[in-house]
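S.K.: Attaching a single structure in C-alpha cells format; questions to follow.
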Amino acid sequence: MELENYEQPVVLREDNRRRRRRMKPRSTAASLSSMELIPIEFVLPTSQRNTKTPETALLHVAGHGNVEQMKAQVWLRALETSVSADFYHRLGPDHFLLLYQKKGQWYEIYDKYQVVQTLDCLRYWKVLHRSPGQIHVVQRHAPSEETLAFQRQLNALIGYDVTDVSNVHDDELEFTRRRLVTPRMAEVAGRDPKLYAMHPWVTSKPLPEYLLKKITNNCVFIVIHRSTTSQTIKVSADDTPGTILQSFFTKMAKKKSLMDIPESQNERDFVLRVCGRDEYLVGETPIKNFQWVRQCLKNGEEIHLVLDTPPDPALDEVRKEEWPLVDDCTGVTGYHEQLTIHGKDHESVFTVSLWDCDRKFRVKIRGIDIPVLPRTADLTVFVEANIQYGQQVLCQRRTSPKPFTEEVLWNVWLEFSIKIKDLPKGALLNLQIYCGKAPALSGKTSAEMPSPESKGKAQLLYYVNLLLIDHRFLLRHGEYVLHMWQLSGKGEDQGSFNADKLTSRTNPDKENSMSISILLDNYCHPIALPKHRPTPDPEGDRVRAEMPNQLRKQLEAIIATDPLNPLTAEDKELLWHFRYESLKDPKAYPKLFSSVKWGQQEIVAKTYQLLAKREVWDQSALDVGLTMQLLDCNFSDENVRAIAVQKLESLEDDDVLHYLLQLVQAVKFEPYHDSALARFLLKRGLRNKRIGHFLFWFLRSEIAQSRHYQQRFAVILEAYLRGCGTAMLHDFTQQVQVIDMLQKVTIDIKSLSAEKYDVSSQVISQLKQKLENLQNLNLPQSFRVPYDPGLKAGALVIEKCKVMASKKKPLWLEFKCADPTALSNETIGIIFKHGDDLRQDMLILQILRIMESIWETESLDLCLLPYGCISTGDKIGMIEIVKDATTIAKIQQSTVGNTGAFKDEVLSHWLKEKCPIEEKFQAAVERFVYSCAGYCVATFVLGIGDRHNDNIMISETGNLFHIDFGHILGNYKSFLGINKERVPFVLTPDFLFVMGTSGKKTSLHFQKFQDVCVKAYLALRHHTNLLIILFSMMLMTGMPQLTSKEDIEYIRDALTVGKSEEDAKKYFLDQIEVCRDKGWTVQFNWFLHLVLGIKQGEKHSA
C-alpha cells in the first residue's frame, strides 16, 4: 500500500507563540517558576585520569524537560569534558542506565519521556534537604546465560514469550514488567516465610449454627499420627494449633519413644498437618476456623492430623532481582500548571498539556489492505471510527463506501465532535470494517454518522482499537498500521466478542490479517494528559441544598434498582445533579459513576473532587457485589476502579478464592496492563500459596484461550512467577509437564477412534500401552492436582485407567496418593478432557460454592458437592472423580434395564442396599432430602438445563448432586424440535419415593424438603445483585451460553425480583407442584435417554 510520507505537525495556538516571542527576557529568578533549573550531580561510568575515582558532572537540568533530554545533556557534557571522550563517542546514551539510591535500594529512572520535575528522586532529595542530588550513569550489560535460561523456564510455564515485542506498537509490555517489580519485591519482603511455606487455609467467619450443634461442650476429638502410631486427644474448638501441640507434648512427656519423637525435641520443633494432604494447621487461629476441620465436622468425619516437621522456608527462596526498581512516579506527568503553554517562553516548552488542545480530534483513514478477499463479488466497504470509553461510544464517524478490493484507499480526514482536551485516559479509537452489497451503501459522505438503515444491511467483518492516550499519559501521534481482528463466525468463539472488542492489542498474525493505515496529527512537542490536582468544587455547596421530598424518593428508587435496570437520561441527570447526596449511599456509586459524562474534562474533574470526599464509602462494610460492579466493563476510569480494589483489600483469603474467577476476568476491562486490580491479584497470590496456585491456572488458561489478552495476562503471570519461590516453580513445572503429556495421549487416542460413543478394546489397549510408556520414561513421580493443590498424585494405576464412552473420548485416570501419611489406599481419580471448554462448568461450580456460603450464613447445610474442575488450557482440563458415587442412569439400568426410568422404588432400594443399618439409611435419606433441595433451588435459579439421569448422581451416603453444566440460564436443549425441559427442576417420582411420598401425598421428609427449599430460595433472593454481577462479569469471556444481558435476565426472573417475600415463597412452592404434576415427563425423557444412549457415559462420576 502506497502511503504519504509526510504530514505537517500541528502547531498549537499560533497566536500564543507569536505573542510569546515578543515578550521581554526575564531574569533567571523570575523564570524559575516556568522553567526551573535543577542542580544534579551525575556520577559517570568513566574514571578520572590515573585514579579509580569516577568522573562527575554537575549540571543544571531544566525541570520541564524530559529524561531523554537530560540524558543527552549529560552526554554532551561528557563528550566535552571527560578524559575518556572516545568512550562516549563509541557508546551512545541508550547503552546506559540512570540510577539513584533511596533507602538502601537502587532505583532506575526508566521512562525516557518522563518530565524531570515529576521524578521521585527530586521529592526524596527535597525531604532529605540534599542538594545537589546524585544520579549514577551505569553501563547496560547483556543478560547472562543463567538469566536467559530462567526467562525460558518462565516463558514455558506462562505459555507465552513475554520478551517477544515483535507484535506491539509501543513498549507498554516491557514498561509494565518493570513497574511490577516494586510491588512484587515489597510483597515478598513483607510476607512471613513460615506462614507462606505452610499457607494455612482459614476463615474468620463465625461457625455456622448447624456445625455448632455437632460440637459437644465446645470440644472436638483429634487423632494425631506419628510413624505407625496414633493418639486421640480431646481439645477445645477454640484452641490454637500451638495450644494443641503443647497439650499433646505434656500428655506424651513420658511416652515420646512410642511416637518416635526424640527426647531432645519439643512442640516447637513440630507442626500439625492433615493426613494425606499438604495442608497445615498453624498460626494463632482457633482450630474451628480451619476449613479442613469444618469440612470434617460437616461430613461427620474424624479429624486426622500428622505430627510433622515444618517445611524449610528456604525452599521458597526467590531468585535475586536483576532489574533495578522503578518507582511509582515512573510514567507520570506533571500538573496542568507545570505543562501549560500559557505564559511561557517558546524555549521553555518541552511537553504540552492536553488541556491546552482546544481543537477537535481527528484521524486520517488512509486505506486498508486485505490478503484474501471475501468470495462474494460486487461488495462495497466502509470504515466506521468510534471514540469509545468502556461500553460508551463518545462519538462516531465513518468513511464513504468504496468497492471492496485487495487494497482500498480513502486518504480522508474524519473529524469527531469531541475536543482533544476532553479525551479521557483509557479512550479507544475503535476502527471497524463493514461491508455489504453496493446498493445498500451508496450515497454516503465521508464523515457522516452511520445511518441505522444502511448499517443494518452491512456486516461487521474486522475491528481493532488504539488507545489514544498511552500508558505514559501521552497523546498518540503520527502514522499507524494496525492489524485487525476478524469477527468470529457462528459458534462458541463468537461469545467472547464483547470482551475482545475492548482489547487494545493488534492481531499478531500480520501475514493473514486485514491491516488499516491511519494517521493522527503530529505535534511539535509531546502532548501529555496532566495529573488532576484536588481542588474544591464551586458548585458543591449549591447542589448540596435540601432535596425536595419527591426528588429524594425518586433518587432512592433509582438507587434501589438492580444492576440490570438501565438508567434513563433523566435518571442520570438526577444522580449527577444530586451527586453529593448520592455520595452518602455506597449503593449509589455504580449508578452515580455511570451518569458521568466522561467525554467532558470539566465533568471528569468534578468527579475526582467527588472521589476525594468518599469517606462514607471507605467506612462502609464491604459489599462484594457492589464493589465488583465498579470493576465490570462499564467502568474504565482508573480512579473509580481503584476505590473498588481498595475495598477488596479487606477480603480474607478464602473469599478472594471465591471471587478469583471473576477478578481475573475483570482484568480484561482495564484499559492498561498495569492497574490497581492487577497489583491486587499479584499481591494476594504472592501472599498465599493456595490463591497463587489458582491464580496461575486461571491466568494460564486465559493465555492459552484468549489471544486478545495474552500479553496482559502473561505479564501478570510472569510477575507472580518471579516472586512465588523455587518450590512453587517446581510444582508448576511438574503440573505443566503432566498436562502436556496427557494431552498428547488424549489426542492420539481420539485419532484412533471415530467420533462415536463406543470404545473398542484396541483403543483401551493402546491407552494402557501409552500410559505405561509415560510412566516408565518421563512422567513426574508426583504432581499437585491442579483443581486441589492440597493433594499430591503419584504413579498411575494403569489397570484402572480407561477411555470413556463419549464423543470427545475423555480419559478416566487413577493415580496413587503420593503422600505416605494417607490413611487409606484410595486412589485419586481424575477425568482428563480435551476438546471441551470447561470454563462454564468452573463458573457454575464456583457459583454453587458461593451459594453454599450464602446458605451457611442462614445456618443451612444443603450438602452441595461442587467437585473439582479446572480449565488448564485451550479446551483442556481436569475434572475430579467423586468417590463412591454413581449416576441415576446406572442405578436404573442395573436393576431392570431401560424401563428402570419408570420404576419409582429403584433408587430407594439401591440406597437401602448401600445403607443396610436403619440408622445409616435414615441419615442417608436426610442427606438426600437436603441435597435434593439444594440442587433443586440452585439449578432453578441458574437455569441449568439438559438434566437427565446420566448427569445426576448420588453417593452411597445419599448425597444427590448434578454434573455437566453445558446448558445454563434457561438456554435449554430441544429434542426433535421440542423443548426437553418441561419442568422447572428435577423432582421425579423416584426422588419423592425416597422422601416417603408419591403423587400428591405428603410426608415428614417431603415437608422438610419444602421448608428447606423455601429457606434456601429466599436466602438467595437477598443476594440477587451479587449473583447478577458475578454472571455479568463472565458475560464477555467467550462462553456460548453467556453472551448477552438477556441471558442474565433469566436470574432476575427466576428470583422474582420486585415481588414480596410471601409472593416469592408461594411462587417457589408452585414450582414444586409443577414438578410433582409433570414428573412423568422427566421419566419419559430419561427413558428415551437410556434407549437412545444420548451422551451415555460422558461424565460418569464427575
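Cβ atoms are placed via backbone N, Cα and C, with glycine included.
The structure displayed is predicted, hence computed values, not measured ones.
Taken from Swiss-Prot, the feature region 'G-loop' covers 803-809, and the record attributes it to sequence analysis. Per Swiss-Prot, ATP binding site is recorded for 829-838, 864-872, 961-969. Positions annotated as phosphothreonine by Swiss-Prot, on the basis of similarity to another entry: Thr1024. Taken from Swiss-Prot, the feature phosphoserine applies to Ser1101, supported by similarity to another entry.
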S.K.: Quick one: pull the CA-CA distance for Ile870 (ATP binding site) versus the residue listed as 'phosphothreonine', whole Å only.
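M.R.: Between the Cα atoms of Ile870 (ATP binding site) and the residue listed as 'phosphothreonine', the distance comes to 26 Å.
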S.K.: Fill in the CA-CA distance, Lys833 (ATP binding site) to the residue listed as 'phosphothreonine', as an integer in Å.
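M.R.: About 33 Å separate the Cα atoms of these two residues.
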S.K.: Within 10 angstroms of the C-beta of His962 (ATP binding site), what count of other C-beta atoms is obtained when all protein chains are considered?
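M.R.: I get 21 for this one.
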S.K.: From the Cα of Thr1024 (phosphothreonine) across to the Cα of Gly966 (ATP binding site), what is the distance in angstrom?
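M.R.: With the alpha carbons as reference points, the distance is 23 Å.
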S.K.: Identify, in sequence order, the residues in the chain of the residue listed as 'phosphothreonine' that are 6 or more apart from it along the sequence and have a CB within less than 8 Å of its CB; answer 'none' if there are none.
M.R.: Asp562, Ile1051, Arg1052, Leu1055, Val1057
S.K.: For His962 (ATP binding site), what is the secondary structure by DSSP, using just helix, strand and coil?
M.R.: strand
S.K.: Near the Cβ of Asp837 (ATP binding site), how many other Cβ atoms are there if near means within 10 Å?
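M.R.: The answer is 23 other Cβ atoms.
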S.K.: Sorted by position, what residues of the same chain at least six away from Pro866 (ATP binding site) have a C-beta under 8 A from it?
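M.R.: For Pro866 (ATP binding site), the qualifying residues are Leu845, Gln846, Leu848, Arg849, Glu852.
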S.K.: Looking only at the region 'G-loop' (803-809), what is the mean pLDDT?
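M.R.: Taking every residue in the region 'G-loop' (803-809) and averaging pLDDT yields 87.
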S.K.: What is the Cβ neighbour count of Ile870 (ATP binding site) at a 10 Å cut-off, with all protein chains included?
M.R.: 22
S.K.: Within 10 Å of the Cβ of Gly966 (ATP binding site), how many other Cβ atoms are there?
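M.R.: Total other Cβ atoms inside 10 Å, all chains included: 20.
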S.K.: For the region 'G-loop' (803-809), what are the DSSP-based totals of helix, strand and coil residues?
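M.R.: Per-class counts: 0 helix, 1 strand, 6 coil.
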S.K.: For Ile870 (ATP binding site), which DSSP three-state class applies?
M.R.: strand
S.K.: When you measure from the Cβ of Lys833 (ATP binding site), how many other Cβ atoms are you left with inside 10 Å?
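M.R.: I get 27 for this one.
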S.K.: According to DSSP, which of helix, strand or coil covers Gly829 (ATP binding site)?
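M.R.: In three-state terms, Gly829 (ATP binding site) counts as strand.
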S.K.: Which three-state DSSP class does Thr1024 (phosphothreonine) fall into?
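M.R.: SS state of Thr1024 (phosphothreonine) = helix.
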